[in-house]
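Asks: One structure, as structure tokens, below. Some questions next.
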There are 6 protein chains.
Amino acid sequence: MRPSKRQADELRPIRFTRGYTRHAEGSVLVEFGDTRVLVTASVEESVPPFLRGKGQGWLTAEYGMLPRATHTRSAREAAKGKQSGRTQEIQRLIGRSLRAVVDMAALGERQITIDCDVLQADGGTRTAAITGACVAVHDALSQLVAKGLLAANPMKDFVAAVSVGIYRGVPVLDLDYPEDSDCETDMNVVMTGSGGLVEVQGTAEGAPFSRAELDALLGLAENGIARLIELQKAALAGASA
Amino acid sequence: MRPSKRQADELRPIRFTRGYTRHAEGSVLVEFGDTRVLVTASVEESVPPFLRGKGQGWLTAEYGMLPRATHTRSAREAAKGKQSGRTQEIQRLIGRSLRAVVDMAALGERQITIDCDVLQADGGTRTAAITGACVAVHDALSQLVAKGLLAANPMKDFVAAVSVGIYRGVPVLDLDYPEDSDCETDMNVVMTGSGGLVEVQGTAEGAPFSRAELDALLGLAENGIARLIELQKAALAGASA
Amino acid sequence: MRPSKRQADELRPIRFTRGYTRHAEGSVLVEFGDTRVLVTASVEESVPPFLRGKGQGWLTAEYGMLPRATHTRSAREAAKGKQSGRTQEIQRLIGRSLRAVVDMAALGERQITIDCDVLQADGGTRTAAITGACVAVHDALSQLVAKGLLAANPMKDFVAAVSVGIYRGVPVLDLDYPEDSDCETDMNVVMTGSGGLVEVQGTAEGAPFSRAELDALLGLAENGIARLIELQKAALAGASA
Amino acid sequence: MRPSKRQADELRPIRFTRGYTRHAEGSVLVEFGDTRVLVTASVEESVPPFLRGKGQGWLTAEYGMLPRATHTRSAREAAKGKQSGRTQEIQRLIGRSLRAVVDMAALGERQITIDCDVLQADGGTRTAAITGACVAVHDALSQLVAKGLLAANPMKDFVAAVSVGIYRGVPVLDLDYPEDSDCETDMNVVMTGSGGLVEVQGTAEGAPFSRAELDALLGLAENGIARLIELQKAALAGASA
Amino acid sequence: MRPSKRQADELRPIRFTRGYTRHAEGSVLVEFGDTRVLVTASVEESVPPFLRGKGQGWLTAEYGMLPRATHTRSAREAAKGKQSGRTQEIQRLIGRSLRAVVDMAALGERQITIDCDVLQADGGTRTAAITGACVAVHDALSQLVAKGLLAANPMKDFVAAVSVGIYRGVPVLDLDYPEDSDCETDMNVVMTGSGGLVEVQGTAEGAPFSRAELDALLGLAENGIARLIELQKAALAGASA
Amino acid sequence: MRPSKRQADELRPIRFTRGYTRHAEGSVLVEFGDTRVLVTASVEESVPPFLRGKGQGWLTAEYGMLPRATHTRSAREAAKGKQSGRTQEIQRLIGRSLRAVVDMAALGERQITIDCDVLQADGGTRTAAITGACVAVHDALSQLVAKGLLAANPMKDFVAAVSVGIYRGVPVLDLDYPEDSDCETDMNVVMTGSGGLVEVQGTAEGAPFSRAELDALLGLAENGIARLIELQKAALAGASA
């Protein structure tokens, strides 16, 4: 039995609060249970040098964890003067995931910067960040449409992410911290609304895992992501931010 | 007239949300109007090397601004690899302000680390941070009492801070961003519950200011801080975090 | 047809040169076609602070690319003063992969540091590094046995890695640079001699990929890795380094 | 009684040596007793990017302390690779103080960089630096006039700074190190020749201070600064550097 | 007697392997006995800002040591985030040595970057690097001639370097690590094919050295460098890389 | 003829001001003409970790140039966050030079840190620094003797340094900036009172130099250093600092 009493294929309570802060073009507080990530999408009317004059846009992401988002305080990266390897890995993943669903040519010479800041951590911060970023980027792009800067929203599809893992021998969906810190295999899956895989990252923490286990985990993730995308759509169908 | 229609001596709506996140010993979201700062107080059962074996505690503070807390996105300090001079100045001020009201000998060989992270900025982030930190530190210390680690709360007095300034020739209390970016003189005042001054930092942005203006600003600040301390007490009198 | 004329399931010529340099306990030049990585395994008779006194060992990895290992010169990371996110991601992957096959308790309070330096790059440097590291670590551990410091080699299994990807619509094994820079989906797979998966990292570079494509890629990788492990065993069966 | 036997309202011996080094447009060794700061003002015929084309100048300041300016050697900031928060706070203060008395439009698109390097420290290094910088900047600007690059000296007023504090219960002027390290309240005041306040920074080191104490300190500072400005004028009236 | 049994005036076996890697315009593995340095020369069709529009080229060098090139592993400079003083000293020396023999005007607005990476160290890495760089730069420049970008090779002369030292009272040529770590005086000499001195750097490790000793060392170095230049010429006379 | 009208073998006016600042155990302002370097020697009663318990001392040096010591302002290294290669090269040279004349065993487990800060530069800052450091270290060590911490001064010999170079075809002694920036060959020589060579660093800036030129330069340097050491002795014979 899972520490949270959830079923093996049960997500934590998911919540999207759009318009959580007021300055960003898109601003969403995403909650996967006790994991709370503030995701903003900022639009800048220019692109990095390597893309200038190519008629297409760019999207990049940054990730941070407030020092006391975690059980024990961790050092502030700005004070240490460098971002950890983990942070860099996560922000690269978020950027790739969102770039997979935005039509860069349709975006034009603009850059979207996604900032994902973890206010409270309870496992799955990167998957919550990707899932929330989809909503925040959608809002930011809708604002460009509303302002008449774009004819149509250049988001081609939805994208969401979830973690799956083998906890005490059982494949489970959406690991929280007690599960994450005690599981044998941990996998993050990023998938689009049309069911295409964008990223699959599976790691054996202890014993290696088998193809059969991999298949079971992918099955759980597919269902979980389909449900997350329904929730994203419902959130976006609400009053605009 | 002030852009916000406030009276010259009127604070913005002030709100303290205790227990805003769950891991920190003290966790408060403090709001001065649209300025929102998440302040956590973390307790560590050790002190920095220069204090070891001296039988007293220490308190330090860190400050950060989420990249899109502001009107236009500012670069993430962790990504730039260094904290700005402004950030360092603010976190030193917060630390000094709180050390003024905590009895370090009574605290014993423990360290309190205050983290102030600005979720949304609309002027006065440092004064909101100090004012919220007083509540967060009080909660963290109360928890040490509740756990039996301390006999009494070592906070000797309350402390709060407010900005005052001369806006279009008129001394006003608690500047918001439109005022702050357009005022002639800006002063931050930190004061205790018993009316003692902890810090006074006044800066002429344009023309120098006179002693008479300084006196008027200090008068506004004294009243404002007295009101803030009433609100801190009311917040702490509510259900514990 | 592949640029190199290889079959879809054909590895590049693989070569392990043991004892390539003389100071390291294990030193292997591994070649996957024109990709050449010098891998050394260094033994240190101590562990990092977080493991002291716990009776177990540690293994960590670092990765670097000589500035002109690539078609155009890339800046030297030591001169820039920081390792890129890509470098950090790769060295974390190499470390996890090798830790999966070394019995840390049997190793005792020692640390193995793997250095992977790319002398010439033609795609697949991280998979070559992992595959070569297995041989280098085996040699380093054998030397501990030979010196009487360990009763048996604490490597529990072999481990190797290969890239697979969908190139012009066809799943292919062991991508070289021309394929890698032009493929739709890229996956790195790390597997043990007994067929267990250690890491699976698949990324859609363009369009998302389907479960069927994922399955095809995993099949190719399994066969490729089985072949790589045969070659590792053959290399280790040769005259000792 | 003060350790130096000075009266409560007595400055230390003040000395300005103009033309102390020969390359800088303005170069002054300023001494407040045993505190000795070498201040140079350098003129550059360009402005930072944010001011280009706006027809106005800029003035900025940097501050450093030689490692053995102090009783015990402190680490060299260039070797540590970063400037401390204290250093940054001081250099920001010096820059603001001098900008308050230079007419940036009259200066034209030029930048003045003030370098304040403490050769020997005995308390009050920042106030000595500001006071000396006024003379050095005046000399640098006079040189622009002498060269025919400016019609008139764009310095609108004099500016000087002094520390005041409550030492053993008594408000005193111009603290030296023994007083500074043992005082209850420490305030730095920056004022112009016409008596306007530019900066007031008061800090309670121990017990908070009252409005009455603040008033007494400001009174001392006003007199001290008036005297410093007389001395600046006398120094500038001497043979040109 | 020398640990290696060599005569006092005997070089170690010297080997140049041209075309050691395939991407760089010049790529040479140079071996001085067990010291092995991979030297690449990269051509870039632009010059640093300070030379733009001056019609001349530039040549610069970088140096690194693989972490386990040495007896015990040394920390990776990219991971430490800075290059040591020793590294910077060596790369400045290599750059100056090669600039002495390349006609910068004839090179035109191009930059040659030399990368010297020590794969295995046994003393004399900087002298091997300079000696190998001469061959690598020659190859890179020949390629520019072959491509028709230059009419003639702008290398005006050969340059090579060797270490000499006083080992157990005897002046010896080309110190290996056991000699280097135990010698009284160590000197690096850089000389051209026409016998001109480019650099002489002698250091007393223990007792100071006399003019007579200096003369003896310079005599050994002259002969050694003449022999190295013969070997460079022979290497370049071989089949082109 | 030399720009300064000096004879080819003539030093600039040399001056040592002992006790230039008051906190350091040794503090000397050394002047070689217009080159002015403040050298302090600080004593610390401990040694770096690699020497602990070995019963011997250590001596190290740091070097810095005030930003406006030079004709045009150069960036502050503390603000840039790193020391240049040139700075590191110089401070390593100063440290080696002084270690050559201090008996580390006689010093005991203490560290001497030399700080050389250039107040005004006119060529030859590193040689002035070494020459002044000899006096400063002597004073610092004498103070240890005076305090009864050492039985005798552990300085075994004097050491001084001077630059020599070929300026417009003529070998000259003690180059000033106009000569230094326009000479063909530049050599720094460090020598002891008993005439032993500690360091010889000669660099061809333009055309290589011959053995005959090298010999002429060494001859000039020997005489110049003998004179500098007389001046050091005279300075130390004056009233103690």
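Glycine is no exception: its Cβ is also placed from the backbone N, Cα and C atoms.
Residues annotated as domain 'Exoribonuclease phosphorolytic' in TrEMBL: E:10-140, E:157-223. Here TrEMBL flags E:Arg86, E:Gly124, E:Thr125, E:Arg126 as phosphate binding site.
Mind running through what each feature is packed against?
Replies: DSSP labels the residues of the domain 'Exoribonuclease phosphorolytic' (E:10-140) in these numbers: 42 helix, 41 strand, 48 coil.
Cβ environment of E:Arg86 (phosphate binding site): no same-chain residue six or more positions apart lies under 8 Å away.
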Asks: Taking the Cβ of E:Thr125 (phosphate binding site) as reference, which residues of that chain separated by at least 6 in sequence fall under 8 Å from it?
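Replies: When sequence neighbours closer than 6 are ignored, E:Thr125 (phosphate binding site) has E:Thr35, E:Val37, E:Met65, E:Ile90, E:Cys116, E:Val118 within Cβ distance under 8 Å.
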Asks: Enter the number of other CB atoms within 10 angstroms of the CB of E:Arg126 (phosphate binding site).
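Replies: Total other Cβ atoms inside 10 Å, all chains included: 24.
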Asks: Under DSSP, the domain 'Exoribonuclease phosphorolytic' (E:157-223) has how many residues in helix, strand and coil?
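Replies: Split by secondary structure, the domain 'Exoribonuclease phosphorolytic' (E:157-223) comes out as 17 helix, 30 strand, 20 coil.
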Asks: Just to be sure I understand the packing, how many Cβ atoms besides its own are within 10 Å of the Cβ of E:Gly124 (phosphate binding site)?
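Replies: The Cβ of E:Gly124 (phosphate binding site) has 25 Cβ neighbours within 10 Å.
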Asks: Taking every residue in the domain 'Exoribonuclease phosphorolytic' (E:10-140), what is their average pLDDT?
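Replies: A mean pLDDT of 96 is what the model gives the domain 'Exoribonuclease phosphorolytic' (E:10-140).
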Asks: Taking 8 Å from the centroid of the Cβ atoms of E:Arg86, E:Gly124, E:Thr125, E:Arg126 as the cut-off, which other residues in that chain fall inside it around the phosphate site?
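Replies: The surrounding set, listed in chain order, is E:Tyr63, E:Ile90, E:Val118, E:Ala121, E:Gly123, E:Thr127, E:Ala128, E:Ala129.
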